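**Q** Below: one structure in structure tokens.
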Amino acid sequence: KKWKQLSRLQRSVILFLFAFLAVCGVISYTSMGEPWKSLTNKSLDDQRAEPEIPGLKLANPAVLPAPQKADANLGDYPELSLQKLPKLPHVRRGPSNLQIKPPRRDVRLKAQHDTGRVVEELVQADKEEKTEKSVISWRGAVIEPDQSTEPPSSKIKEPEKPSSVEAEDQKEPVPINERQMAVIEAFRHAWKGYKDFAWGHDELKPLSKSYSEWFGLGLTLIDALDTMWILGLKEEFEEARKWVANELAFDKNVDVNLFESTIRILGGLLSTYHLSGDSLFLEKAKDIGNRLMPAFKTPSKIPYSDVNIGRGTAHPPRWTSDSTVAEVTSIQLEFRELSRLTGDEKFQKAVDEVMKHVHTLSGKNDGLVPMFINTNSGQFTHLGVYTLGARADSYYEYLLKQWIQGGKKENELLEDYMRAIEGVKKHLLQRSQPKKLTFVGELAHGHFSAKMDHLVCFLPGTLALGAHNGLTADHMKLAEALTETCYQMYAQVETGLSPEIVHFNLHAQNGHKDVEIKPADRHNLLRPETVESLFYMYRFTGDKKYQDWGWEILQNFNKYTRVPTGGYTSINNVQNPSNPEPRDKMESFFLGETLKYMFLLFSDDIDLINLDKYVFNTEAHPLPIWVPA
């Protein structure tokens, strides 16, 4: 009936198309043979199990719950807006709000004999193409729903045989370039000093060729395990593994700091377990995790700062009953992952209670939090002082990273993060003179201070990570501006190395730079925060200037902090190139963070710790993102 309603010309065109398609079908079938037949007969589940298209990043889970199956009929999800997918580039870099992944659709072809239905299906196919992918708009952010059904490490329930997330991608390794080789050489030089003079101890003193102890748990060795794995240093890794297996024991009558031992030891062991698949590291992680739990036995559930891991007791510092806000809110990634691996909910329950409690507290200023919290009352103390530096910094970092780790489902975390960034922009952002650098200052009882810790240079990387995960694009713009500022904290100094703290000039003065340094603040501890942000910025934008800036920093570390007999040392005076006044101490984070981020910064392999599969803890230990089951 519909056929008769068509004009003669329309019928002629349709008959011609059918003849043409029939001929093409015969040619395709005869030229491709059985493989063509097997392709078209694959089930949808089989196709979904195929490896991803090279060069494409995994799409990220949505803020709101995503439907279990892709369906062109979105009647049950009226809040979803429709958007046609753009043409996919071969390799995606850059801070686009929309993360793209290969479309998962049934390509099975069925023979059609009813010519009346063909006309209708050609039109319907066009409609379905437009509804094939949907996005969720949230405060200007565009986030793609995830249709994945597999967890990131499908063998995690069998601790003896974990699956390394990286190992899932069977692809040709990207060659190591010259700058990465320079990082490997720097690591080996640092490791030589540690091995020769501080083996099994916490930190190297490279000038005096000795060591210092903090907890007596081999901090530098544990912090460096996953760095060695990522850098491909197999011999060094195996030697360190033997020490962990034979010498590392936590049944010691020693007080450890809950935060530092969590991010360095627990985080380092968990990360190394995921990368290597060696259950030794998970067993050690469970041991230290259990020994840290007494810290949470407080009236408020806000943990004490110190734990005796041998006696099973915990206490606040001698001088106060307060804990630092950053410390109690920056242990969550590690304890949550420990619960996921062991099936024991107590670890995650303890740290989740902390976050839920802090979420409800008064005393915040547009999302900004004070630096201290009382373990008895559970209330903020020393109100009115707000900073993104020491004692508060990683609170903001872990808001975003917990949200990412958990599959973007915990909206309280996202709300607190977004509100805090708005608070930063409202109260703490200023521009310096003469270069008009955007910086993050501090607020004390209503008075603004142009003081910025080097620690704050974590922020541009965190902002970029949020933008990569679909948050508002202005976060990336702010990240770019702050990364420039952090680089200038190095470039405007005589040694090319940043001091611990800078003060920015708010008013133009002849002969003055943007950055001013006070004598008490001019030390450099080999910190990683700027290099960390350079890594994120290069990974998301592909702009080579970030690699070049990192290369300058590495060269200056080699020039002013390298000790000939092995190791690197922190220095007291970044303003004196002729005598930077070495402090005779190599912090464990130089190997655990700084050199790791350097190596990743210089890599063009986006799958070398893929940021759609891993989230870094605040000590640069990558932990897997939980993809919804």
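Yeah, the Cβs are placed from backbone N, Cα and C, and that goes for glycine too.
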**Q** Please find, within the list 91-113, 298-320, 344-366, the residue stretch that TrEMBL describes as region 'Disordered'.
**A** 91-113
**Q** At a 10 Å cut-off from the C-beta of Cys457 (disulfide bond), count the other C-beta atoms across all protein chains.
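**A** That number is 29.
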**Q** Among the recorded positions listed here (Glu260, Asp393, Glu500, Glu529, Thr618), which has the Cα closest to the Cα of Cys457 (disulfide bond)?
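**A** Nearest in space to Cys457 (disulfide bond), counting only the recorded positions, is Glu529.
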**Q** Let me know how many other Cβ atoms fall within 10 Å of the Cβ of Glu529 (active site).
**A** 24
**Q** In whole Å, how far is Glu260 (active site, proton donor) from Glu500 (active site, proton donor) when you measure between their Cα atoms?
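**A** Answer for this pair: 19 Å between alpha carbons.
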**Q** Please give me the CB contact count at 10 A for Cys486 (disulfide bond), counting all chains in the structure.
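**A** Counting Cβ neighbours of Cys486 (disulfide bond) within 10 Å gives 28.
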**Q** Checking the contact step here: among the recorded positions Glu260, Asp393, Glu529, Thr618, which have a Cα within 10 Å of the Cα of Cys486 (disulfide bond)?
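**A** Final answer, ordered: Glu529.
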